[in-house]
């Protein structure tokens, strides 16, 4: 069976662009955007604006394509702001979020002069914003980022880095203003001649892909907004931004590590009571037994639909504040990342070798020319990507393998995955549902050059980011005698630094 990606022959793409290769299907991305917007519009009385999260896909060509269906976008840094401007987004249509605005000298000044919408993450930002607006003789457009209390949600968060329940994990996240600071900041802005409070913002993150989670988020947001309305008597928000964190088709956050890992760890500890030979025999038997149950085709992730999420989040929000505001005059903004990018992207790789072992434990590794350095969500978010493989020769049956990469790390991209038996060097492998965050967070670990990236649209594929070379990887190194080499370069502004990577 011939492998296809984005409707194209994978072998042809590998020949034309090389491997490993990031591939984004622009048509799927645009379709996801339209479906997402329609879902939230069905559950909100006023206008809805969908601002795609640039952090999920920063290539300028990709952003230009998104601009055809998105009025604005969600940004976090000076580099992302520069990319958005080069893609044609208007400063007044973006949402500049995050707590890094003060890191780049002059960035606040630039945002204020440009008329960008600034989402204030910390009350300490207001001094710089107000001073910049006064110097420029303009009024800065601001929103305040809230930290609504999700309540007593003790279900496990899908973000496994801290293994915390949702209640604690959501509180551990640094972004947003504690309620006391939020209320003080609002009063200060409303009293200022140089700052305009246009609305409120929040972002819960993808802790759980359930309708119940989003209902709770909607209620919590409504409660915090009501608290602000009570404190700032008479103020009416023109816009409410509920951020992102919504799962989308193909979402696999947290699926790499089974929920039963704690029980399994205890069982493995119990094996220590056996002599070594017996311990190895029992462990090998357990592995063989488990691998017999690995499905031939991994069941696709099935998070709630966009409509179900919108009904839960926007519906609860509307019920909570509908008696206080005319929602027909209130813009609802949403900032999807994974929801629209995940299944619009895949990653094409080639097999370098296959290694098999029988003792002391049976194991098979398929080593590819890519890596978790290029697909970091395999580690950071424990994503279990869907794997498709196409051996060059007819396969007789299947086998369970670890799909691995080429770095010195463990580099386990997807473990215990069933593939056609007899895979060999040169065979192609597709990792599906990798469209969000992986390319943006890729590293040069082991001094590896990062892969190229292509965008597939109605008129075919085109290169949007060239493949790095070893020279690119080493280009920032200063190889002189160390006496002041590059002292000024290390402090160059973020826009220039970002421009060099385009």
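Cβ coordinates are placed from backbone N, Cα and C, and glycine is handled just like the others.
All annotation found in TrEMBL is predicted automatically rather than curated by experts.
Among the residue ranges 451-476, 477-502, the one that TrEMBL annotates as region 'Disordered' is 477-502. Contacts of residue 408 (active site, proton donor) defined by a Cβ separation under 8 A and a same-chain sequence distance of 6+ are given as 446, in order along the sequence.
Taken together, the residues in the domain 'Orn/DAP/Arg decarboxylase 2 N-terminal' (30-250) have a mean pLDDT of 92 on the 0 to 100 scale.
The secondary structure of residue 408 (active site, proton donor), as reduced to three states from DSSP, is coil rather than helix or strand. The Cβ of residue 55 (N6-(pyridoxal phosphate)lysine) lies under 8 Å from the Cβ of 74, 75, 76, 80, 337, 437, 440, each of which sits 6+ residues away along the same chain.
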